[in-house]
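Undergrad: This structure is in structure tokens; I'll ask about it shortly.
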Amino acid sequence: MLTTRPRGTNDILPGEVEKWQYVEQLAREVCREYGYGELRTPIFEHTELFSRGVGETTDIVEKEMYTFTDRGERSITLRPEGTAAAVRAYLDNKLQALPQPVKLYYMGPMFRYDRPQAGRYRQFHQFGVEVFGSHSPSIDAEVIAMAMDIYRRIGLRDLELHINSVGCPKCRPGLRQRLQEHFKPHLAKLCPNCQGRFERNPLRILDCKNESCQELGRHAPTTLDVLCEECETHFNQVKGYLDTVGVPYIVNNRLVRGLDYYTHTAFEIMAQDIGAQSSIGGGGRYNGLMEACGGPATPGIGFALGLERILLTAERQGITFPVSRGPAVFVATVGSELEKQAFALLQSLRQQGIAAEKDYLARSLKAQMKYAGKLGARWVVILGEEELARGVAMVRDMQAGEQQEVGLAELVNYIRNTTNNNQCRGL
Ligand code: AMP
């Protein structure tokens, strides 16, 4: 127990973490270009925020939340997604007072008590954006295009973008009625979950993963059959903007998304290469959410991308990321008397921006050289009594296998001139 991590969680180790940093950095850069500011919310919130904000009838709220009572007898939940907290933060911090729309992004761990498998974890990481305060279909298109831009810059290929309109409170009641008429004769054949959804939210039956429910839903009416004029216009405009910027999409009238507060646009991005858990991101408009959370009616739209699944897709597609190469310089010593000088040189190199390392286990010179090789050091600076007295050190080029004396005063320049900047930083 003590040495095993909880089921559905991962350790991300050096060597692997550089890929995460690369993708995170890339996402931040895209956000800067598109005008999104970073929002950091707490990892836990009041449970009610999610039951209201995500929706009582969703899988997340019904069975996947990590909920506990804290010592003050409050019900607390580890965040299962980012949108509800962004809405809470918008209201809490009175961001309505800012010029609208407000464009935010977040990244970090989310928690769902799901059945773990490849690409599905109990602690996973999302990068997401939210835009509050605009009804414009151009924002829907921007958010979708931005997600696709991120995948493209990472180098992911063969992705499918599915889009749909899930209607609005005006046209949804009509759909609800038609869905109930469709499913009523088959009620007994629906899974127990969907039997519950039949009354509460029949639209979600279309979203069920159970095979017999999917089969029964195959000929059910869809949102696109009942869209009101306003929703239809909005959807056509979103498609028009996507066409303008050359983002290909598939209209998928089965796409409903699991969350109750979605209105108008819904979208999901699938990767072919990662098996059953093929959704690498999704999002949509949620014009009803702000009010459901007790705020003034404010339109919103956003997406969340799963970082584990992006990295899994990249791996399956053979995409390589920049990897850490170890220190530029390893400072070795002949004999233990020079430890202090080695330590001083090490600090001075680091303070001048050069990634440097030394031995901490009192190794022999030979063992130090071997260790430097294992770390992947580009240079080994060997400090010896006699050389130090002359103000020089032996510098070994680990790539060429050659060495030469270099004056200590010139050492930093020597390393800089013969190594590129990234190598100096150990990148
Ligand atoms: P959702 O918040 O359910 O719309 O999910 C958005 C994205 O997060 C999905 O497309 C996945 O890429 C990712 N995701 C959702 N749940 C998990 C999970 N349990 N493990 C890993 N990634 C997930």
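Cβ coordinates come from backbone N, Cα and C, glycine included.
This is the feature table in TrEMBL:
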DOMAIN    7-322  domain 'Aminoacyl-transfer RNA synthetases class-II family profile'
BINDING   Glu81, Gly82, Thr83, Arg112, Gln126, Glu130, Arg257, Tyr261, Tyr262  L-histidine binding site
Undergrad: Enumerate same-chain residues with a sequence separation of six or more from Tyr262 (L-histidine binding site) and a Cβ-Cβ distance below 8 A; give 'none' if the list is empty.
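TA: For Tyr262 (L-histidine binding site), the qualifying residues are Val166, Val256, Gly284, Arg285, Tyr286.
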Undergrad: Pop the mean pLDDT for the domain 'Aminoacyl-transfer RNA synthetases class-II family profile' (7-322) in here, whole number is fine.
TA: 93
Undergrad: According to DSSP, does Tyr262 (L-histidine binding site) sit in a helix, a strand, or coil?
TA: coil
Undergrad: Reduced to three states, what secondary structure does DSSP give Thr83 (L-histidine binding site)?
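TA: For Thr83 (L-histidine binding site) - judged by DSSP and reduced to three states - the answer is helix.
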Undergrad: For the binding-site residues listed here (Thr83, Gln126), tell me which residue's CB has the most neighbouring CB atoms inside 10 Å.
TA: Thr83
Undergrad: For Glu81 (L-histidine binding site), what is the tally of other C-beta atoms lying within 10 angstroms of its C-beta?
TA: 20
Undergrad: Can you tell me whether DSSP puts Gln126 (L-histidine binding site) in helix, strand or coil?
TA: strand
